[in-house]
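The next block holds one structure in the form of structure tokens; read it before the comments.
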Amino acid sequence: SVKYHKYKKPSKLFLLFIVKRHEYFLSFYFSWLTPLLQLGQKRRLEENDMYSILKEDQSEALGEELQRFWDREVRHATKELLKPKLTRVLIKCYGRSYVMAGIFVFFLETIKVIQPLLLGKIILFFENGDPDDQRSLGMAYVYAAAMSISTLGLTILQHLYYYHVLRTGMRIRVAMCHMIYRKALRLSAKSMGQTTTGQIVNLLSNDVNRFDEITLNLHYLWVGPLQAVVIIVFLWYEIGASCLAGVAAIALMMPIQTWFGKLFGIFRSKTAVLTDNRIRIMNEVVSGIRIIKMYAWEKPFSALVTEVRRKEIHQILKSSYLRGLNMASFFASSKITVFVTFTVYALLGNTITASSVFVTASLYGTIKLTVTLFFPLAIEKLSETVVSIRRIKNFLVLEELERKNLALPLEGKMENAIEIEALTCYWDKSSLLSAILGELPYDTGTLKVIGQISYAAQQPWVFPGTIRSNILFGKQLNPKKYERVLRACALKKDLQLFPDGDLTLIGDRGATLSGGQKARVNLARAVYQDADIYLLDDPLSAVDAESSVLIIFHVNCFNSIQFSFIYMELFQSNSHKRAETPSYLSKSGVSVVEVAQTITEETRAEGNVSGHVYLKYFTAGCNTLVLMVIILAGEEFSNSTATAVSVDSGMDVTSSFRKFDLTFYLGIYSGLTAAAVVFGFARSLVIFHGLVRSAQTLHNSMFSAVLHTPVTFFDVNPIGRILNRFSKDVSQMDSMLPITFVDFYQLFLQNAGVIAVAASVIPLILIPVVPLLIIFLYLRSFYLRTSRDVKRLESTTRSPVFSHLSLSLQGLSTIRALKAEERLKKAFDAHQDLHSEAWFLFLMTSRWFALRLDSICSIFITLTAFGCVLLRHGLEAGEVGLVLTYAVTLIGNFQWTVRQSAEVENMMTSVERVVEYTELKSEAPLETQKRPPPDWPSQGMITFDRVNFFYSKDGPPVLKDINATFQPKEKVGIVGRTGAGKSSLVSALFRLAEPQGKIYIDGIVTSEIGLHDLRQKMSIIPQDPVLFTDSVRKNLDPFNQHTDEDLWKALEEVQMKSVVEELPGKLETVLAESGSNFSMGQRQLLCLARAVLRKNRILIIDEATANVDPRTDELIQKTIREKFRDCTVLTIAHRLNTIIDSDRILVLDSGTIQELDCPFTLLQNKEGALYKMVQEMGQAEAAALLESHRELLLPPTVCNDWGV
């Protein structure tokens, strides 16, 4: 059956077809790929040039099939009180098709055993036969024909086998990824505490890749021993009991390799845990990069990641050393076995003949591949895959969310939508909504929900895409309803000023929107849903209050009385509603001043991987001198020479015995073999060590570069794109690239040695080698131009998979509340399918290349075999044996070397991607020669002198000509509508991007000193509280600069001492990912405690009390007034009662200062923005606010003391 396969853009290339199974020899020799390869010669390939994948290879189909088997296994295991086994599921699902591939490998290895026997028959013709005997000549032609046919059969079977097993590996990986993502969407709160984003990313990036690797070699666990037995029989027939000496040498390796396999499993287990940890830290670093920069915490995080990476590399090195020993064993085994065998054979007094030498050497060559390469590789990959399967299984059996309350449709308006009776659950106010949503288990009581639920989380969740897609969230566009929602959520003004309106792209983590805009988009999504119950968890904490008033009014109007409406706000009495504290300053509309850039397409290099990348990779782990020694120390040349000389000398050993002593031969042979083996092992270990150290150095350089690049980089690059390089690309450098390079390097030296020896015996052998080399190199160049592009596409199409996962975990409660799991799964499957297109295309282009190389080799072997028979006169048996042996082994090695060189180039694209990130543009230096005084700033005076601020060179100004002076110890409130430039003022102060103009702190220009000298001397309490997965102590004091007494005192001052004391380990308690075992308010209080500990003269509060109730807010403000009495405090706020008692209030609009004066003066101006804001609250609320703060409002004479 033939499947039609086409380009996504059929106008570019005509329809192509691909064979579904194995008929017609892989769809006519992979010829369907040739147009794509020709296209790759003309230009860089893009995503729309790739072929669509077959329906049966799509993520959804594969994932759901495997999921059904897994569900059946879980039910059976539960019934039998057993643990479910993922291995059994994989065998049931893919066992039958994989066993079929075993047929290919069986016949493949059978041919490899037969070929040396055919070689022996041809040599016997020259050794014993009469060249003019027609019967013998006819048999020689038959053997030559059989040799040719077997070589062709080998080529066909080998590529059928590779095609089948590699595709099977891909299918298992894709299905497993689907299951992992599906599971992630169902994890309960308890399970989320038992895993991390880093672990799940690692499962998707590294663990599942073991399935791509294991399928290639697994069959050799039974083929290897079986073939070894058959070859031993043939060897016994050929040289008698002497073969047992060589076989014993190989047999001794097998238990060692089995032991190595167990060690691989142990090291893989330890490595995986450390990789989980490293990726988790990376995820937190990227998510909290602004906080890390503003706190000047780059050094402790760099030290943390470096230490985790050091431990990870320690385990990887152990695995690499084992791989090095295995690789060296593979290359040394043929020398050892041939040496031991013929030493014993000669010592027993046997006559060595050409046929016995070449047949034995060829049979050992076959057993060498299967027993000393494929068999240990199978053990290694099996051990690692078992670990990965166990890790995935442990994830799949985590507890899932149980929805005790089924949301049923409302049947009548009189029926209660939510019924709660004697309910007991724990934690803060948001827990009530979590319980209603089914996210939080409860101990006692009943909770019944009838109707569809819509939900707006306290922490706004948006995803990359347009504003419209974020609001619709998979629903059909109803223009009238959509328009009403935009008005209700005060989004109309914002959209009018965005260049693309509601089609404006939102960056990763909402990078293109301000906090208030994210909150309103988040709310609009909830309001747009067709629901019966709307649960709003303090959704307007980041929104200015004019918008809050409008939103609450419109949303209540929009959702008429028939809907149940729960507004979960942080209030204690009706007199302190959030809507009563507006802080919007004007009706002039919103500016796009704080809009960052949109998400850019991931960069891809073009053409060859540059020499700069190679040089950086090979010199990162060792110095240039050591590198040159490794390159020039071509012991493999002597290895090949030793073998070749021994074979050549053995052609007519009977005459040699009359001239030389046997001991002399054996002495020379022993010395060469021993030297070759020792140097081979040493070099292999040194290369592996150097390359793994290179991976370590490049990783640390990449992390350092990412940590020190400006924050705009994180606004335009999704988190998955960054994690992709730290997970999959680094993994490629850690494991696959070193072994591929060592294979290529040793084969290259071996081939060079073989050619040199062969040419010294038969110079004419160089005649076919040169054109063959030219053809191979041309094909390599033709293939690489396309395969590099495909490999780069494979890398870039991987990034959206990780981004989608990370994003889904961030918005899990919203996704589940809106029952959007199916939509998200389809989106994940679409990302996987795009990656599968690139992956499958890369596999097939590799097959295209390998098949053509093997075919050329087959033709060459055919010509050589028939050529020897045709040119039989004047040829010695030894010469024929040498030519045919080298035709089979050398040409096979030759094409494999070319393939491995191409594979090295393809894998170097991962190094290329890592090196690209090591060279990211850096921020200003952390320290400069101009250092401020140790006690700076002693006063805390801040002056903005004609400051303009841009997030990027080609972006709009977000601050325009700012001129202001904040006096020492002054308390300044900063207000403005969402997007007015409030947070940009803070960014300019902390130099998150370099401002134009000058900012002075106590007379020192901030742009002239190092970033650490600046940032360490200012404290900030951010709008989004960021905690890291570490101890409470480390979250408060990463530099260990404070005593326990200081820490407890700081916690007490922010009302968190009792909470921390109740934790199991108190200060040493490790927080869950993102501090999720604390409420939003508690996380904010811990951030306040950090500021208390730092005791700086300047404090910036960026809407820090948005997520705490008014009473706690009041306590925090009291703490700030007391602890920071002698500090300059800048407070960005949306609640007027938070900043109404400030010494002065700065009103921003569209990046410019609209008003700056003391509250008393501003409130006297009835045309002023602050006065209008207060009046917009309503007459009663405005009067209550002014009355409650009357004693704090200073008269003008005092205001003038601040230089107003």
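Keep in mind that glycine also has a Cβ here, set from the backbone N, Cα and C atoms.
Annotation comment: TrEMBL describes 99-367 (among others) as domain 'ABC transmembrane type-1'.
The domain 'ABC transporter' annotation in TrEMBL covers 387-629 (among others).
What TrEMBL records for 653-906 (among others) is domain 'ABC transmembrane type-1'.
The domain 'ABC transporter' annotation in TrEMBL covers 942-1175 (among others).
Under the heading transmembrane segment, TrEMBL lists 98-120 (among others).
Positions annotated as transmembrane segment by TrEMBL: 140-163 (among others).
Here TrEMBL flags 220-237 (among others) as transmembrane segment.
Residues annotated as transmembrane segment in TrEMBL: 243-260 (among others).
Same-chain residues lying 6+ beyond the ends of the transmembrane segment (325-348) with a Cβ under 8 Å from its Cβ atoms: 239, 242-243, 245-250, 253, 257, 260, 357, 360-361, 364-365, 367-368, 371-373, 376-377, 380, 636, 639, 642-643, 646, 650, 653, 662, 665-666, 669-670, 673, 676-677, 680-681, 683-685, 739, 742-743, 746, 750. The transmembrane segment annotation in TrEMBL covers 325-348 (among others).
The transmembrane segment annotation in TrEMBL covers 354-379 (among others).
Annotation source TrEMBL lists transmembrane segment at 664-692 (among others).
As annotated by TrEMBL, transmembrane segment applies to 754-779 (among others).
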On the domain 'ABC transporter' (387-629), the mean of the pLDDT values is 68
For this session: Please check if the transmembrane segment (140-163) comes into contact with the transmembrane segment (98-120), where contact means 3 or more CB pairs closer than 8 Å and the residues in each pair are separated by 6 or more positions.
Result: yes
Spatial neighbours of the transmembrane segment (354-379) not adjacent in sequence (6+ beyond its ends, CB under 8 Å) are 109, 112-113, 115-117, 119-120, 123-124, 126-127, 214, 217-221, 223-225, 227-228, 231, 234-235, 238-239, 243, 246, 250, 253-254, 257-258, 260-261, 264, 326, 329-330, 333-334, 337-338, 341-342, 643, 647, 650-651, 876-878, 880-882, 884-885, 888-889
Taking the transmembrane segment (98-120) as reference, the highest number of CB pairs under 8 angstroms among 220-237, 243-260, 664-692, 754-779 goes to 220-237
